[in-house]
Every structure is written in structure tokens, then in C-alpha cells.
Amino acid sequence: MESKATAQSSGRVRNCSICNQTKAALKRPKTLEQICRECFYQVFEDEIHRVIVDNHLFKPGERIAIGASGGKDSTVLAYVMAELNRRHNYGLDLFLLSVDEGITGYRDDSLETVKRNEIQYGLPLKVVSYKDLYGWTMDEIVKMIGLKNNCTFCGVFRRQALDRGAALLKVDKVVTGHNADDIAETVILNILRGDIARLGRCTSITTGEDGPIPRCKPFKYTYEKEIVIYPFSMSIYSPNAYRGFAREFIKDLERIRPRAILDIIKSGEDFRIATSTKMPEQGTCERCGYISSQKWCKACVLLEGLNRGLPKLGIGRRGIDNERNSRKSIDNKKCGSLDF
């Protein structure tokens with residue numbers, strides 16, 4: 001008769017490497033351990049709890065907004081935050097905060113998921129929309145500018161919309177579902193762009209402490225593959241996003257070396273950035289009062305271009321002064337005068 005050890009080595013019988021009682025149901029991408037689902041859920045939640053405690057992310061009594069997109073990452077984040085808050089008595093007041101970009105067929109469905117989460121997890125929900133905040137939906141922006149540069153608008157508007165929604169909720173912090181894959185991708189992107197200032201802070205588990213409301217990433221060391229699969233669709237307006245190239249590179253590395261994602265994050269944490277390398281000094285936008293290193297924040301620059309019928313002004317590194325000069329040049333040419 002074939003021994004149990006021989007059977008296990010041949011792959012026919014595999015017990016969970018943690019409890020050694022239940023049949024293994026999956027292999028953890030991070031460690032390659034073969035474990036049962038019950039142990040996986042426990043380990044998954046315990047790891048996130050340790051990240052929260054070890055990094056002192058929250059204080060009892062704080063109001064916390066969970067950035068809820070309706071995708072798998074934020075849906076799992078909402079569940080885990082609610083569960084750990086109850087189980088470990090964090091003493092937090094939790095809220096769901098969602099941004100409606102106005103993308104027909106994409107955001108409509110995900111908002112329904114967020115509304116279900118509101119009921120399932122018993123968390124109050126606040127939805128802020130591009131239309132209400134900026135007067136434009138992403139569908140309307142795409143009609144004007146096309147698909148090529150739409151991610152610039154959506155990224156800038158979403159970041160500001162999240163802060164505005166958080167201010168309306170009067171929360172102390174915002175938590176987002178950015179996972180280990182996302183952070184590793186950001187490290188690679190900043191290296192490719194030569195953006196040393198952002199490279200020095202992109203691995204921080206809490207960012208924006210010098211801004212209106214800090215943002216925390218409890219999933220910093222959590223692999224995307226280990227986040228429970230939930231109904232999810234990629235944005236229909238981001239097929240050519242630059243980040244996609246970094247994402248594919250990260251996936252290729254992971255196939256060769258499963259710990260590559262954590263190794264990249266560790267490398268980003270250990271970079272020694274010269275003290276002379278600093279982010280631009282932050283002030284406030286003269287137009288809307290939002291945090292900005294320029295006279296006008298990026299959102300106001302982009303809105304100015306949209307409202308004037310010149311949506312490409314403000315794309316890239318062009319500031320409001322260049323935008324005004326470009327507009328003046330166009331207006332002068334329209335009336336037949338010289339550009340001076």
C-alpha cells in the first residue's frame with residue numbers, strides 16, 4: 001500500500017500546510033503554501049490586522065472613509081475593515097465613500113455593488129459625482145477629447161473628488177484598496193519616469209499627511225491574486241493607460257519569482273533619496289482653494305480647457321500661464337491680429 005507521505009508527494013493527497021487537517025484548496029501566490037480556504041481567510045485577515053497595528057494606522061474614535069469603487073479591491077477592503085473593526089475593537093466610525101465619474105455601463109453597475117455593500121456591512125454611504133463637482137461626466141469629456149488623454153482627466157478629478165467627499169463626511173482619514181501589485185507598479189513607473197521625489201514617498205503606507213486628509217493603504221503587502229475575487233470590470237476608458245505596461249512587467253516577474261512584488265516594494269522602501277530632492281511646495285489653488293503647488297490646481301486647469309472648448313490645454317506639464325498664452329494666441333489668430 002502506498003504510504004500517505006508518498007501519496008502527498010505525488011500530488012494526489014495534500015492537506016493544508018497550516019492546520020494539516022483539511023484538504024488544501026489553493027496555493028498562496030505570495031508563499032506558494034498549499035492551504036485550505038478557511039486557513040487562507042484567517043491568514044489573510046490576520047496579516048492585514050498586523051499591518052494596521054504595526055503601522056499605527058488608526059486611533060480609537062477616528063472617522064474613516066473607505067474609498068469604495070465597487071471593484072474587488074475596495075469591496076474586500078470594506079468587508080475586512082468592518083470585520084476587523086468589530087473583531088479587534090478598533091473603535092472607528094466607518095463610512096463608504098464612492099465617486100461617480102459618469103461612465104455609462106461601468107460605474108452604474110459598480111455603484112449598485114457599493115449600495116449592496118452599504119446594506120451588507122451596515123456602513124453609511126456617500127456618493128459624489130463629477131457632474132455635481134465639475135459640471136462634466138467622463139462620457140461627456142471623452143466625447144470632446146477622445147480616448148487618448150482621458151485618463152489624465154479621470155485621475156485628477158477622482159483624487160480631488162475623493163478629498164472633497166471626505167471633507168463632506170468630516171473624516172480623519174481615507175483608506176484605499178491599493179494593493180502590493182499597485183505599489184510595485186508605482187515604484188517601477190517612477191523609476192521609468194525618473195521621478196525621484198515621488199519615488200521617495202510612493203511606498204509610504206500613509207500619504208497626504210501634509211494635505212487636507214491623509215490616505216492609508218492597509219493592503220500594502222497584500223497580493224492582488226490573494227484578494228477575494230468579486231464581480232469586477234476594468235474601466236472601459238483605460239485600455240491604453242501607461243500603468244498597464246508596468247502592470248504586465250510586474251506580472252511577468254511574478255511568474256518567474258512569486259516574491260518579486262514584495263521585493264520591489266522593499267527596494268522602494270530602502271531607496272536613499274538625496275535630501276535636496278523635494279516635492280514642490282504645497283499651497284492652495286487661487287480658484288477653488290484645493291491643495292496645489294501652482295496658482296491653479298490641475299483640476300481647475302483641466303476644467304478651464306474643457307469649458308473653453310480647448311480640452312487639450314493643461315494636458316501634460318503645461319500650467320495655467322501656458323494655457324492663457326495659448327488661448328490668447330488662438331484668439332488673436334481668430335481675429336486676424338498678430339500674436340504679441
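Note that Cβ sites are derived from N, Cα and C of the backbone, with glycine treated the same way.
What TrEMBL records for this protein:
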type	residues	note
BINDING	Gly67, Ala68, Ser69, Asp73, Val99, Gly177, Asp182	ATP binding site
DOMAIN	64-205	domain 'tRNA(Ile)-lysidine/2-thiocytidine synthase N-terminal'
DOMAIN	283-313	domain 'Cytoplasmic tRNA 2-thiolation protein 1 C-terminal'
Among Ala68, Val99, the one of these binding-site residues whose Cβ has the fewest neighbouring Cβ atoms within 10 Å: Val99
Cβ neighbour count (within 10 Å, all chains shown) around Asp182 (ATP binding site): 21
Protein Cβ atoms within 10 Å of Gly67 (ATP binding site), excluding its own: 22
Counts by DSSP class (helix H/G/I, strand E/B, coil) across the domain 'tRNA(Ile)-lysidine/2-thiocytidine synthase N-terminal' (64-205): 82 helix, 20 strand, 40 coil
Distant-in-sequence Cβ neighbours of Ser69 (ATP binding site), under 8 Å, six or more positions away: Ser98, Val99, Ser110, Val114, Gly177
Nonlocal residues around Asp73 (ATP binding site), in sequence order (Cβ under 8 Å, 6 or more apart): Gly177, His178, Asn179, Phe219, Glu224, Ile227
Max CA-CA distance, Å, over listed ATP-binding residues Gly67, Ala68, Ser69, Asp73, Val99, Gly177, Asp182: 20
Count of other CB atoms lying within 10 Å of the CB belonging to Gly177 (ATP binding site): 23
